[in-house]
Amino acid sequence: MDATPATRPILGGKDVETAIGGGYQQDVEGEAAMVDIDRIERVYKKLDRRILPAFWVLYFFCSAIRSNVGLAQTMNSNKDHDLGSELNLTPKQISTGLALFYVCYVLFDLPSNLLMSKLSPHIWMSRIVTGVGIIGIGLVGMKAVWSFYLLRLLLGIVIAGMWPGMSYYLTLFYPPSRTGKRIGRYFTASQVSAAVVGLVSAGFQQMDGLGGLVGFQWMFLIYGILGTMVGISLLWWLPDRPHPPGEVPTREGWKKYIPQSKPALTGEDARIHYEDLTRVYHRRTWTMMDLWHVVTDWRLWPLVVMYFGVVGVGIGTQSYGTVIIRGINPSLTGVQLSLLFAPIWMMDFAAILIVTPLSDRFHHYRALFFSGAVMIQITGLLVTTFAGGLNSWSRYGGLLMVGFGLGPTVPICMAWTNEIFQPRHGEVGVAAASALVSGLGNLGSILTTYALYTGWPADSVGPHKYRKSNLVMIGILCGSILSAAVMVALLKVFGNPRAKQISSASLASEGEAVYVDGAARREVQQRGLGRLFCFR
């Protein structure tokens, strides 16, 4: 098949600046008729059916294994069989263990994502999830504070690159403007996981003492085994990166011993996808200079600050939600706390399904959708902090508002990162930027898990428990809104043109031909409310 699609996606020189930087305003002269948009939609829906269920399941179990330490702090506490009592941990030591996970996550996020871009992405994702499952099983054997610290460190190293890797993987199959809704779809796995783990933990608490294991150990064991099984299955479940029609990927070296995954698309579907997203089929080898240009791009840092605030509040709520609820009513049992924890994530789930499709349809206004959701979080935290008196259930209503506001913010951050960095820096731009936004942004998680709530002893006593911690979280959320506004203002002034200084070993240098495919031309326009009912 001819390497150049009928839609003529190759431009050069100043045409590139117009198409990528300023927005492609008109069809290329003499261009053949574009493929019908409904046909393209069907191709992307076929990809959805192959990729999104796998992402949802892997993220469900990785989220459960990562965050179930929060529930373990209150499970069977009436029998002194909770995590702290079994391992003789102080609240400060638990906070330190949670923070150690995020330190490793921050340090290893970027190297992991860059390796994924060099290797087969689906194999690297399988490695991550299998490793998380094995560490999850190992959590059962914790006997003292040192083993708690060690396993949290190892979990942070192994899971690093999973979340930004999923975002990067999507850009191999979808235009950036269509990734927000899809990130939101599998991000719901985290919310469902938080809700289900909370509900199912009531059952694990009933297993306390069975087989010589306490309730939270059964929880660690079951989720670890299931996570390992899912990780291995990804070798067949997820497709490898797309290859041009007619090209057969080589299976040399270590790849000969790995099961071969079926291609995501074949036949006419593969040809249509090639013509619509040609840029991902013609990747070039990147160098350290290309990576340096991504790291020094000012567009990266407002996104990091945006992510810092919302992910810090999200992890703080996930890790200490039951602790905050107990502060509202200290007489609640462990089972009651688990049941009250679940609705927070149901609200989060609902917001994702409502807001992320709209943010894709109006992708020029990502900052507005992001800021609106953050304002809901701030309002919820204010209600949780100040509403009513002691034991006031209106404060629990504030936590439900926080959950609703949290939902769309992380998917919007990642989708906006894809939209900005793929046109400017190509594949290495998405891989590096998504990892840096996720990794450095997770410093907010270190703040909320180590310095706030149980990590702040003076804030966990008295009639106004955790008021100061809540106010700190409100402050970092205000920083996220300010950063989004700064990003919009700077993009209006400087735009988002293709990066000029690209090494000759990677993407085409200025004046040479680069790929501007059908999706790149369509992304100039917003889809708006047309066919909204179908959420296409």
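Numbering starts at 1 and runs along the chain as displayed.
Yeah, the Cβs are placed from backbone N, Cα and C, and that goes for glycine too.
According to TrEMBL, the feature transmembrane segment maps to 51-74 (among others). Under 8 Å from some Cβ of the transmembrane segment (51-74) lie the Cβ atoms of residues 82-84, 94, 97-98, 101, 125, 128-129, 132-133, 135-136, 139, 152, 155, 159, 162, 166, 169-170, 173, 182, 185-190, 192-194, 196-198, 201, 216, 219-220, 223-224, 226-227, 230-231, 234, 237-239, 264, 318-323, 326, 334, 337-338, 341, all in the same chain and six or more residues away from its ends.
TrEMBL lists 94-116 (among others) with the feature transmembrane segment. Through the fold, the transmembrane segment (94-116) approaches residues 66, 69, 73, 83-84, 124-125, 128, 145, 148-149, 152-157, 159-162, 164-165, 168-169, 291, 315, 319, 428, 431-432, 434-436, 438-440, 442-443, 445-446, 449-451, 453-455 of its own chain, all at least 6 residues removed from its boundaries and within a Cβ separation under 8 Å.
The annotation transmembrane segment is assigned in TrEMBL to 128-149 (among others).
Sequence-remote contacts of a segment are chain residues at least 6 beyond its ends whose Cβ falls under 8 Å from one of its Cβ atoms, and for the transmembrane segment (155-174) they are 44, 47, 51, 55, 58-59, 62, 65-66, 100-105, 107-109, 111-113, 115-117, 121-122, 124-125, 128-129, 131-132, 135-136, 182-183, 186, 238, 241-242, 264, 273, 277, 280, 414, 417-418, 422, 427, 430-431, 434-435, 437-439. TrEMBL lists 155-174 (among others) with the feature transmembrane segment.
Beyond its flanks by at least six residues, the transmembrane segment (186-204) meets 52, 55-57, 59-61, 63-64, 67-68, 71, 75, 166, 215-216, 218-219, 222-223, 318, 322, 335, 338-339, 341-346, 348-349, 352-353, 403, 407, 410-411 of its own chain at Cβ-Cβ distances under 8 Å. Annotation source TrEMBL lists transmembrane segment at 186-204 (among others).
Taken from TrEMBL, the feature transmembrane segment covers 216-238 (among others).
Outside the transmembrane segment (298-317) by six or more residues, the chain places 102, 324, 344, 370, 374, 377, 381, 399, 402-403, 406, 409-410, 413, 416-417, 420-421, 424, 433, 436-438, 440-445, 447-449, 452-453, 469, 473, 476-480, 483-484, 486-487, 490-491, 496 with a CB less than 8 A from a CB of the stretch. The transmembrane segment annotation in TrEMBL covers 298-317 (among others).
Long-range contacts of the transmembrane segment (337-355) within the same chain, counting only residues at least 6 positions beyond its ends with a Cβ under 8 Å from a Cβ of the stretch, are 71, 74-75, 184-185, 187-188, 190-196, 198-199, 201-202, 205, 317, 321-322, 325-326, 369, 373, 396, 399-408, 411-412. If you look up TrEMBL, you'll see 337-355 (among others) marked as transmembrane segment.
Marked as transmembrane segment by TrEMBL: 367-390 (among others).
Taken from TrEMBL, the feature transmembrane segment covers 396-416 (among others). Counting same-chain residues at least six beyond the ends of the transmembrane segment (396-416), those with a Cβ under 8 angstroms from any Cβ of the stretch are 164, 167, 176-177, 179-181, 183-184, 187, 191, 303, 306-307, 310-311, 313-314, 317, 321, 324-325, 328, 340, 343-352, 354-356, 359-360, 363, 366-367, 369-370, 373-385, 387, 434, 437-438, 441, 480.
What TrEMBL records for 428-453 (among others) is transmembrane segment.
Marked as transmembrane segment by TrEMBL: 473-494 (among others).
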